[in-house]
Amino acid sequence: MTHSSDSAPLLPGQPSSSKGRSKPPFSRPSYRRRRSSFDATVYNAGTVPWIKEDEPTSEVGAQPDDQKGLSLAQILLLTLCMAGVQFTWTVELSYGTPYLLSLELSKELTALVWLAGPLSGLLVQPLIGAFSDKCTSRFGKRRPYIFVSGILTCLSMLGVAYARDMADWIVANGTFEDDESQKAARRQWAIIICVSSFYFLDFTLNAVQAICRALILDIPPLWQQDRVNAWSARLSNTATVIGHFTGFMDLVHILPFFGDTQVKVFCVVAIIVFITTLTITSLTTKEQVQEPSPEDVDQPWYHTFAYIWKAFRFLPRPIQTLCNTQFFAWMGWFPFLFYSTEWVSEIYFQTHPTDGSNPDEWARGTRAGSFAMLCYAITSVVAGVVLPMLVTKDGVSKHSIFSLKNIYTFGHIVSAIALLSSFYVETVTGATIVLTTMGIPWAIVLWIPFSLVGEYVSYEDERKKKSITPANYGAVTDAAAPSSPLPKEADEEQNQEEFDAGLILGVHNMYIVFPQFAVAIIAAVIFVVVGSVAPEDPAHPAKSGITYVLAFGGCMSMIAATVSRYIVRVVK
């Protein structure tokens, strides 16, 4: 028990402080206060204060008697928004580069356009997460941001699809000396509109994705986080497959009233899917209205940025260990995502020599890479269905080895083996097997990290609701502790601020974005080094730079597997 410094009596012979305040008659404890309310001993203790010990506990969690969970229908309606977001991403990923090149944009500038992805992830997701965490709208914390960001995303997609038409309209209202200058102006305007729309699309779609993920973490109780995030991953993977199939179809022939080009029709279809899924989730999901916090009133404009920086520096231990793992994991994933299709096509042309004059050969090589990616997407869907079933069955884990943590490590090991084996693959069939295998860890990386984040966020929310402070939980208290913390202790107390789901997801995403910049630089160095080394035997060409980049990714995945063993989980 502690006393306020104003009421604590002086002991005999105890001198007063220079400021007129009583000096504690005891020494300061030798230990430091924790920087967050998290205490690993509580997480690893096997029980949580408000869950009875005789209730079944598991990696996925059993339903406590006093907590009503979501039905399967409610889970599907809640996570449906992620399917719409992922379907929309397939438009950009499938047609982005070919469409930009069709506008006669150079490959160097095309590469700069793709910087929109990491930039938007680095800037938008933490900001939009922090802003939505503080939102007190009567419609909820997340849905107002979903609505606004969704509208801007649709406008951005229309800008991409109709860039040429807008350029024609602008040029038609101008005067030019000859047809060549008019054609050049039309091309410049089309590029400006398309590139601007691409950047705007990346920023707004990243915002929608961040808010949808935060909403998925907000609604379910702690014991249902794994199941809900597993369904989110399943729907996302399914949307990826459907999106690729849609892109392969002759949409102009099937839906001519949506546009006269494949990109136009695909964008219109994506907008319809996007609006439909977001609307269903928004109308069927009930959020609790957040009351304004006195601490947030009249905060300066830069408070949000300071809030993000503070979260980045003082992440709770469970989130920090997960972010460390994610950093190395995505150092392995980006080489695969950037270069896997080109790697398959490269092997095809090595095994099917061509002089480049036959366009059918190039088309077959490209289709070989596309087919391998399709197999990869299908595998991720199957794995996303099967793996969660191994973990859960009526709230009880079937086998102790099938924990989220073990499966997460297993995914990194599979990824490492597959990427390292690329060094020995010399056939299209072998390359297709490698890509197909990568679908398993991809299903895991879309599921488990967000389940772990959801567990922590739900744990903290339920802890605050129960208002129970177990022994040794959070900041250390002692009957012999000084009643007024010293300045250094006071600073550490201030670092115990709790962070909501939106901001935690934003900071977590920063650990995914940083590797993208690092891989771009490292890959460029590898390409230069490998390209400068001449093969010893011209009859047997040396491994390409892409192979070394993929092998580098395998090494990073192995490091991620090691770091993942230090992840601290919520035990329910």
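Counting begins at 1 with the first residue displayed.
Backbone N, Cα and C atoms are what each Cβ position is placed from, and that goes for glycine too.
Note that this is a predicted model, so its numbers are computed, not measured.
Among the features that TrEMBL reports, region 'Disordered' is placed at 1-38. Under the heading transmembrane segment, TrEMBL lists 72-91, 111-132, 144-163, 189-216, 263-283, 327-349, 369-391, 403-425, 431-457, 511-534, 546-568.
Across 111-132, 144-163, 403-425, stretch 144-163 shows the highest tally of CB pairs under 8 A with the transmembrane segment (72-91).
With a cut-off of 8 Å on Cβ pairs spaced 6 or more residues apart, the transmembrane segment (327-349) and the transmembrane segment (546-568) reach 3 or more such pairs and are scored as touching. Among residues of the same chain six or more beyond the transmembrane segment (403-425), those with a C-beta under 8 A of the stretch's C-beta atoms are 59-60, 226, 325, 329, 332-333, 335-336, 343, 347, 387, 390-391, 397, 431, 434, 437-438, 440-441, 444-445, 448-449, 451-452, 543, 547-548, 550-551, 553-555, 557-558, 560-561, 564-565, 567, 569. Under 8 Å from some Cβ of the transmembrane segment (511-534) lie the Cβ atoms of residues 117-118, 121-122, 323-324, 326-328, 330-331, 333-335, 338-339, 542-545, 548-549, 552-553, all in the same chain and six or more residues away from its ends.
Distant neighbours of the transmembrane segment (431-457): 38, 213, 216-218, 220, 222, 225-226, 228-230, 232-233, 236-237, 316, 318-319, 322, 326, 329, 333, 336, 340, 343-344, 347, 368, 371-373, 375-384, 387-388, 404, 407-408, 410-412, 414-415, 418-419, 421-422, 425, 500-501, 504-505, 508, 557, 567, 569-570, 572; these residues of the same chain sit at least 6 beyond its ends, with a Cβ under 8 Å from one of its Cβ atoms.
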